Structure formats: C-alpha cells, structure tokens
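Colleague: Per TrEMBL, N6-(pyridoxal phosphate)lysine is recorded for 197.
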Ligand SMILES: *Cc1c(COP(=O)(O)O)cnc(C)c1O
C-alpha cells in the first residue's frame, strides 16, 4: 500500500559519470535522491525520488545547532553476472531506527525505506561502477529541520538517501595499516551515543585522528571511556584480534557501534568452525599476547574497507608489529568470503544479499 506512494520525478539533465579509474570516495553523486518529510502531527510523508539537488534550510534548523542527526552507510554492487545486489540493507534501516530512538528522532517505516532504496538504485543503476572492488556507496540520513533555537527534540525532519560511485578501497592490494592506541581522548562512553550512528561521534573522534595523523598513524584505537583499558573500536571500524587460534572481538557493551560487517564476520567464522569470542578484551591482554608470541592477527571491519588489517599497533612506547606487517590467513579468508558474496562469485548461503 505505502510502497506505491513513492512518487518519481526523473532528471531531464543527467550528469556525466566519472571514469571508473578516477573514482574516489563520496565526492560525486548520482542523478537522483530519495527524500521524505516528517512533520509533527502528520508523521513521515511524501516519500519521493527526485533529481539530486541542494537543500534550502533555515539557518535556525536545529541540526546545525544541537546535532540531532543520524546516518547509515551501505553499498550496492554489480556482480560478475551483471546483477545488482544489496548487502543486508534491512540491517541498515533497522540500525537507523535504533539510532533514531537514541536521538529521539521519530522511527521510519523500514520497509518503505528499503522499497525507496531499491527504486532509487534501480533508477540510477548505470552509476554502479563495474571494475573489481568498486561499488555504489549509499548514504541514508536524517536531519532535524525545525527552525528553532530552543533545545528539544525537533518537530520536523528530513530523511534522505544519496548515492556516490566509489572506487576500490584497495587499489594496490590490501595494505595493513599502522594504528595508534589513544590514551587521552575517548570516542564514546557507556550510556552515551556510541552505539548510535550519529555525526557527533565522528566530530568528537577527529581530535584523536588528528593526533594519530601527526604521528604517522592511519587510525586511532579507542579504549573504553571509564577505565581506559578495554578495547572498543579502531577509527570508525570494529576491531578483531586473533590470539592463539581464537578470534576475539569486543562484546557490544553500549558504547560500541554494532557493525553489520562485524556481525557478518562472526557468522562466517562460526560457519568455518574457527573459534570466535565476543567479550571484554583489554589492551594489556593484547600486549601480553604480543610479548608471548600468540598475537597472530588484528583487523578492523566496516562497510567501506570490509577488512583493514593492522600491521603495527603502537601503545605507549611499544610498537607491536603484527604478522610481519602482512595480512593474516584468517583476515584474507574473511575478506575473500565477504567480497565474493558481494560480487557474486561465492554463493550466499547466509541469505544476506538482495538482488534487484
Ligand atoms: C559504521 C560504523 C562501523 C561499521 O559498521 P558496518 O555496518 O560494518 O559498516 C563501525 N564503527 C563505527 C563507529 C561506525 O560508525
């Protein structure tokens, strides 16, 4: 019923698509976008697909002042058989509603959002790049638009989906990165907004990122906000360690973002009978494993990179080189499995993919 309500206005002025070998990340956008309004009393209404265009907002729009905003990130892929595929998009809209709940933003209809996304990707299908490793990055987001400087949950919102063709994350092969453990700043605290995908978490993480940059490190390893001891995330990815044959990732504790890639990795590991544990893991345990030679692999996981192996971890004066600075066996297997399912070369026995 609601599905058919999505109105479609196609562009009369299609843009030129960038060359596949020139693709970066998040700078070029497709011809169309999905948009829907929320007004107090009326609820979410007017779902529509229109030409990609600038917004006109009051400077007093609440999102500019108090940060009431949430977002998601997922990808559409072109398979080796030229099919269009989405990877677990239902999880993204479900998580968006969890973030909404935390930020007191009214819930969206997840099925309607998925229907809108499918229509949008179908309309802009030719924007999905077809070179290996490339994809169409999809960014759903919600902002508070009520023009008011009073502090309260806004009465008006916009939900939008924009899309950007993105290049291969690993152009010259998978390169392990150098990571620095952050000791002064924290990303999130239990009870805060760490498990919501909201812009404020990113703004507060920039300082740690800047410090890491300055010291020649790619990302920050975040420790917990209370004891500064337990490992939480790496940059804006979830983190895994392989110690003595067992893969360990921090348990979701309220300050860690529940990554869909994280969940997928855990399921793949279980399906291959590789021991995997979700539990507290302290930096001391990692250092000890390094010192006694049982720290075998470390890697971050997220939609953008799928896997980002950690080649060096710096903690105080200790520079720990992991697996000779090379990608490990399990990391490689996980990367190959997930990207294989996404590009259609490996059968999806998990029921994760949706073909359009
Ligand atoms: C989005 C995000 C992740 C990764 O989530 P995926 O669903 O795997 O892309 C991890 N940590 C943070 C802080 C994030 O914002």
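Positions of Cβ are set from backbone N, Cα and C atoms, glycine also.
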Colleague: Helix, strand or coil for residue 197 (N6-(pyridoxal phosphate)lysine)? Use DSSP.
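Modeller: Once the DSSP labels are grouped into three classes, residue 197 (N6-(pyridoxal phosphate)lysine) ends up as coil.
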Colleague: Have a look around residue 197 (N6-(pyridoxal phosphate)lysine) and count the other CB atoms within 10 A of its CB, chains all included.
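Modeller: Other Cβ atoms found within 10 Å: 25.
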